[in-house]
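The feature transit peptide is assigned by Swiss-Prot to 1-34. For Lys54, Lys57, Lys66, Lys81, Lys94, Lys105, the entry in Swiss-Prot reads N6-acetyllysine. Taken from Swiss-Prot, the feature N6-succinyllysine covers Lys57, Lys66, Lys338. Look at Swiss-Prot and you will find Thr64, Gly65, Lys66, Gln67, Lys90, Ile143, Thr144, Glu145 tagged as CoA binding site. Annotation source Swiss-Prot lists substrate binding site at Tyr207, citing sequence analysis. Look at Swiss-Prot and you will find His299 tagged as active site, tele-phosphohistidine intermediate, backed by sequence analysis.
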Amino acid sequence: MTATVVAAAATATMVSSSSGLAAARLLSRTFLLQQNGIRHGSYTASRKHIYIDKNTKIICQGFTGKQGTFHSQQALEYGTKLVGGTTPGKGGQKHLGLPVFNTVKEAKEKTGATASVIYVPPPFAAAAINEAIDAEIPLVVCITEGIPQQDMVRVKHRLTRQGTTRLIGPNCPGVINPGECKIGIMPGHIHKKGRIGIVSRSGTLTYEAVHQTTQVGLGQSLCIGIGGDPFNGTDFIDCLEVFLNDPATEGIILIGEIGGHAEENAAAFLKEHNSGPKAKPVVSFIAGITAPPGRRMGHAGAIIAGGKGGAKEKISALQSAGVVVSMSPAQLGTTIYKEFEKRKML
């Protein structure tokens, strides 16, 4: 390990007790530093697994529990190709007419699963994610809220050093390709197959954007809830790359909130990769414009700390990248519709 990496890691350790967000920034930078001449950027190779469709085969970790049972039933009714699930000690049984396995590795071998959704209590959720990584499941969606940040630091450290498994979440609603595949807790009936890619840190605001784009007749191509925790597996840039490369996605809605610097990074990415006459229209809303500094607002990552992470700075960065920022979540649908109208895309 180089001296640079050691110094960065030591600094992150000192800061972690006083500021989780500062630690997150330092750790994320550390992960991108060179170690022994090798840049650990292979995790970006797993972005392709974010896209799901009718052929995606899913297993559920925590299958026989209350949450796992309810949401698995909802997924099956939606038409999702759920092929089984895991609950340690209950292997060999049937649940919802599907096989139960003791381990993720066995479930993958027997079902050919390409994705896993996790409904496991917070103290055990990180272990469930690690088990899915061990089994080389291409896509892991963790719904669980309240996972200890120290657990997720370790998970993130491991994720960034491999390129086989992509994690969405934790503390997120999941991902849905309307009419084809639903992985998570979102209400399926408000979605409609269409043209808008939606990515959000907030679950309920995702549903608001979905409902509005359905109402104005644009629908959705893919909707991704990345979660509001400071240590998550997928960020805005990961999703934006998927949307920009997806021919079915003609416009994008990005919903951010105070805390961290994910929105500023997304703005820089859009400025570089989504400009010129063929740029896709992007509309955004940033929650928390009136939030007081130093107070956490709902999500663990939604906090203005050290004078950074405020809504105004995020809005300014997005606008400088050509993003149309709506001042109200109630206007997301009409705003993206007007952008389509302006560009003669209707």
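Every residue, even glycine, has its Cβ placed from backbone N, Cα and C.
Positions of the features from Swiss-Prot, shown on the structure.
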| residue | record | Cβ contacts under 8 Å, 6 or more apart |
| --- | --- | --- |
| Lys54 | N6-acetyllysine | Gly79, Lys81, Asn177, Glu180, Cys181 |
| Lys57 | N6-succinyllysine | Lys81, Val83, Thr111, Gly112, Ala113, Thr114, Ala115 |
| Thr64 | CoA binding site | Gly85, Thr87, Lys90, Gln93, His95, Val100 |
| Lys66 | CoA binding site | none |
| Gln67 | CoA binding site | Tyr119, Ile143 |
| Lys94 | N6-acetyllysine | Val100 |
| Glu145 | CoA binding site | Pro122, Pro170, Asn171 |
| Tyr207 | substrate binding site | Pro173, Met186, Pro187, Ile190 |
Pairwise C-alpha maximum, in angstrom, for the residues (Thr64, Gly65, Lys66, Gln67, Lys90, Ile143, Thr144, Glu145) that bind CoA according to the record: 24
Close in space, distant in sequence - Lys105 (N6-acetyllysine), Cβ under 8 Å, 6 or more apart: Glu131, Asp134, Ala135
Spatial neighbours of Lys338 (N6-succinyllysine) that are distant in sequence (at least 6 apart) but have CB under 8 A: none
Cβ neighbours of Gly65 (CoA binding site) where a neighbour is any other Cβ within 10 Å: 16
Recorded positions compared (Lys81, Lys90) - the one with the fewest other Cβ atoms within 10 Å: Lys90
Under 8 Å by Cβ from Thr144 (CoA binding site), counting only residues of that chain that are 6 or more apart: Ile118, Tyr119, Val120, Pro121, Pro122, Ala125, Gly169, Pro170, Asn171
Where Glu145 (CoA binding site) falls in three-state DSSP terms: coil
All-chain count of other Cβ atoms within 10 Å of Ile143 (CoA binding site): 26
DSSP state at Lys105 (N6-acetyllysine), helix/strand/coil: helix
